[in-house]
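**Student:** Just passing along the structure, written as structure tokens.
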């Protein structure tokens, strides 16, 4: 109780107030003393003058010795009692703080004058002097106590800064994880390891010590780890790799030890390390201080997972989107025994994710999650959740009671391209050029066999784009072919070709299209072996000129084929552009109707 009260007194707020008051007292006393010192010469001259003056009778002079802690010098406070010759009943008392020179001067001045009584110097006790002498001692003591206590606290925080929640259980289960069917099957087996470890130990089976979840951001790696802990009803520890990185040497390794020590006390448990590539990156030959600290932290993690002191009953789950950056010692069996690739969701999983995130939302009866899933290939679970959240916000903004496909479509555009910039007003000729540019992309998507198909076209500016085509593949594939990649290049070039054919001019709006087309062509040449250079991959010794020539050849051939296809479908190009100028946005159904009308 006393210790707690003592700590409560010496908190930061109290110390600030205490030192502020102490400083004010010290300042007042110091100023008072200085004011008295500044008046010494004036008062000394005045006193000497009045002692010499015949109009005054000096009766008594008393000296008090004062040892100043400020000036480290002896002073005297002199008190003089005098009478006025003209009025003997009137007495005056003068005083001053003087130095030893004045003390001797007074003695020589009044020497032999019997009517003046001089008393020997007395010690002058002043409370202010006592306070002034005690202030440095008391202040230093309190300050040192505060510094030491803070160092202890800081040391504790540095050693264990991880977000530990050992006393809490994860509230998530695999029911809260939509999609990721194969990943959940792999994780389900770990539940039995955590619940009944002795069943495996009796037959000599080693329980997996670590599971590495690798995949793009937003695919649900953290959620899978939480669901595992929730299903097994065991404590869940969650830390980030960056929490082990500090400027102080040895702190990272100390935090790893502290974390595993805490986890061992609550085993069986799940220890989740997000962005483990920060902590477990490859060790190099650089011996700088930062790398040494990083290597020490990694070495401690390796030791804790499978070293002299093995962590029993603890399943370590690491999550990263850069598994290629991890150290080989961390990936070997005995540490991360299992590696699970968490891919972006397919169309079925996307529909399930959308339904899961829509459970607490008011939806219109016309919502088609399968159609929405078709329009979102390549999107992660986090992005799909963002689409539904944006749709909810738009519904409130539009003063509606239910989320409709209109809000969902707009929310999808906002997540992919950003909010619409309807305040931007195009010049009529610019607007017409944008319409034909987007129509050019659409024509290639409609008429080219292996190209992605158009879902929606708009000339409403979003982000840095003057307009855009929402184009999706007819079916999802796990790899790309040469024909698909060439068709994709032609789709990017369609806008530029349309501008050239209609206006005999080109705009800077195709800048990003060229960048994307060139990127695909470069991959075909340098990585996939889909050019005349053969199947060899690019290296530092490759002839850059030959590579650039091969890339240019692919782009030129695609441009020529795109131009030929655009000339064959000039009527469809005009109809799409005119409808865009009228409506600004065209849906997939309207595009299909235009194609049917053009064929008649």
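Residue positions begin at 1 at the first shown residue.
Quick reminder: no glycine exception, Cβ is built from N, Cα and C everywhere.
According to Swiss-Prot, the record shows the following:
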TOPO_DOM  1-8  topological domain 'Cytoplasmic'
TRANSMEM  9-29  transmembrane segment
TOPO_DOM  30-130  topological domain 'Extracellular'
TRANSMEM  131-151  transmembrane segment
TOPO_DOM  152-600  topological domain 'Cytoplasmic'
BINDING   215, 216, 217, 218, 219, 220, 221, 222  ATP binding site
BINDING   437, 441, 513  Zn(2+) binding site
ACT_SITE  438  active site
**Student:** Need one number: mean pLDDT over the topological domain 'Cytoplasmic' (152-600).
**Tutor:** 84
**Student:** Could you tell me the C-alpha distance between residue 438 (active site) and residue 219 (ATP binding site) in angstrom, no decimals?
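**Tutor:** With distance taken Cα to Cα, residue 219 (ATP binding site) is 32 Å from residue 438 (active site).
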**Student:** Near residue 216 (ATP binding site), which of the binding-site residues 437, 441, 513 can be found within 10 Å, Cα to Cα?
**Tutor:** none
**Student:** List, in sequence order, the same-chain residues at least six positions removed whose CB sits under 8 Å from that of residue 222 (ATP binding site)?
**Tutor:** 238, 272, 274, 319
**Student:** Just how many other Cβ atoms lie inside 10 Å of the Cβ on residue 221 (ATP binding site)?
**Tutor:** 25
**Student:** How long is the line from the C-alpha of residue 513 (Zn(2+) binding site) to the C-alpha of residue 221 (ATP binding site), rounded to the nearest angstrom?
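**Tutor:** Residue 513 (Zn(2+) binding site) to residue 221 (ATP binding site), Cα-Cα distance: 33 Å.
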**Student:** How many Å lie between the Cα of residue 219 (ATP binding site) and the Cα of residue 437 (Zn(2+) binding site)?
**Tutor:** 34
**Student:** If you skip the near sequence neighbours and keep only those at least six away, which residues in the chain come within under 8 angstroms of residue 215 (ATP binding site), Cβ to Cβ?
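**Tutor:** Looking at Cβ-Cβ distances below 8 Å from residue 215 (ATP binding site), excluding near sequence neighbours, one finds 221, 321, 341, 342, 343, 344.
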**Student:** Can you grab the distance from residue 218 (ATP binding site) over to residue 441 (Zn(2+) binding site)? Cα atoms, rounded to a whole Å.
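**Tutor:** Taking the Cα atoms only, residue 218 (ATP binding site) lies 30 Å from residue 441 (Zn(2+) binding site).
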